[in-house]
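Feature annotation from TrEMBL assigns transmembrane segment to B:16-35, B:47-68, B:89-109, B:115-141, B:153-174, B:194-214, B:226-246, B:277-302, B:314-339, B:345-362.
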């Protein structure tokens, strides 16, 4: 008690003084930036796009974007955020330039996403990432992504039919990394660490405007904008920003052919592997899929969704994913693919080095926790299980080998093999002198994938075809 | 015994837990800011072994300090020096210890102020922040040993607990590959660092000052063992955590790595922004550490000048520390002064002073035995 009495004045004094004048923050003096995007501007300048939440609209809940920017929030549902794009010499200058337009100080304390346009990413983003990383308000736990084609376009669309704010969408989208494995989630801190590391190359997910959305957009601009009979809810915002597309009309169909050339799976079937290329109608205008691969600060290529999954498996970051694996008894007919829910179980990477020669053995163990089949073959029969396990393992191995080969061509080890290589050296100077970045393309990498069928779902065997039905079919 | 040197500063009595809390608070507070980066610069991938091995090496000298303190119960380090080597040597040693403590306060608190202003209070003037903080430090340092020691038990427990919690919550981000290659800069450079970086345990000289206030003077060994164990553990944990989150090129660039670790912990939507907890605890313990340092520096002066109370020097030392912290041009300069000058040279105090006193103690005992035998 006596002790408390002695220290209480000190605590009170300190609290009283430090809450004082200079750094006081009034919440309604701040514009809270939810996401930031960067694109190449004219004359080597940067275009920075800010997505800023409008708290008074979020407060009411209920309505969401699509109304085309009524603006006051009281006359119907409108976007719960606004965007502003400024051109500047540096990123930090852009914050000041946006503030003099919005009339509020911009705060990055709650920024969840930093998005880089593909064109800018292919030039060099090291200086931008460096500037962000050292800015005091920025949190290392914000996500980094590459936008295809441009960050400003992706940030201007109303991203999701389900979420009222872009930041909420970013969070729920990131969770799909664990559910699908079709993209990775990369924190700013990890990206920066990789950027200056000898042994781990930077990578981040790609978020794209969907193919159907881009086509709709171009059609509309040909028509001169407006709703164009698409439900009459307005396709363009007041400032020309494209809002969330309305629910498709009855009779709207996925445009055929579904896939552009080069997007077929290993067996020739459609694999829907690239973000923005998934054939669909309705839904939101963006998709996150695939991985942007960097060497230093420059994007040098990308991995598709399936390759991204194998990358995550090697890194030990693969949680689960639904795979369409060719039926081992009819491997050439993709329409009979097996549906497998595979989960990562174990990753072993062994790195051996003799002089400049590096040999890497990768052993992945996956397990299947759900399976559905489209033929009458009963793969839950213990005698048939090895067939499925082998087919699934071959499928993953094929994708893994292709991913490794492609990254070796790019000269970018996004699998983190270099980190394992550290263990083969005794001192740091020796390791640095080895210069793994230059050796990766020549490394011998052997892969081995093992799949274990653990569970099948709630049924054994496929749904049976009755003898009468069989007879009718044969006739 | 020279009674002229063995006067009492009547400042309360503490038990061994409180004494250990005081030493731990004084010692480990520096671990949470630039410390991991400085250690990583020297040890590279083997950085985490520096606090561990240096701590074990320093334990030899700390053990010597314990033996000397035990041989002279109720006396602090300067009183022992006065008694064994005379007041002139005692005065010189006292002034050296005083300067060492003041440099630790001045640079350490400038480090705290700079990081806090850079990250959280960019518009607050440095002078104002330092004045506010030193006002609290003044108030706390004005208390007696008993009060400081009791509050130190609380803060040391909280700060060590916080370090463990943050390290545990960062496990998901650990990459054990990052502590390889295991020998960092190489065996010989590493062993040199082990020797020089015993200096991070220089604050253990405070043990020689507060041993005089122990209710049971023989428990000084227990105080040293417990506080050294906690300090080695905390330093190693903090450096290891930073190393496994930030790979070596990045760790050499980041100015406050443990704070950055706290800022990237994200466990779902609702379990993040733990740095606010960290900053609160860290600021509190930093203030207490500065108060302990001011108290010890004042105690040193009181002993040197044979005063019965440390309090007259508290005002002087707070004013000196305020202007000292303010006068340092920037964080980089503060770190250079602390890590590259004060600590390495301060190591001489730890490595030479107690062993010299031990030799003199043994010599004195031999003289007394011979005197008694002769009589």
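Each residue, glycine too, has its Cβ placed from N, Cα and C.
The stretch in B:194-214, B:226-246, B:277-302 that contributes the largest number of Cβ pairs under 8 Å to the transmembrane segment (B:345-362) is B:194-214. Taking every recorded stretch in B:16-35, B:115-141, B:194-214 and counting its Cβ pairs under 8 Å to the transmembrane segment (B:226-246), the highest total belongs to B:16-35. A contact between the transmembrane segment (B:194-214) and the transmembrane segment (B:277-302) is present, since 3 or more of their C-beta pairs, 6 or more residues apart, lie under 8 Å. By the count of Cβ pairs under 8 Å, the stretch nearest in packing to the transmembrane segment (B:314-339) among B:47-68, B:89-109, B:153-174, B:277-302 is B:89-109. Between the transmembrane segment (B:277-302) and the transmembrane segment (B:16-35), three or more CB pairs separated by 6 or more residues in sequence fall under 8 Å, so the two stretches touch. Remote same-chain residues near the transmembrane segment (B:16-35) are listed as 108, 111-112, 115, 145-146, 148-150, 152-157, 159-160, 163, 200-201, 203-204, 206-207, 210-211, 213-214, 216, 219-220, 222-224, 226-227, 230-231, 234-235, 238-239, 255-256, 258-259, 278, 282, 285-286, 288-289, 292-293, 296, 331, 335 (criterion: CB distance under 8 Å, separation of at least six residues from the stretch ends).
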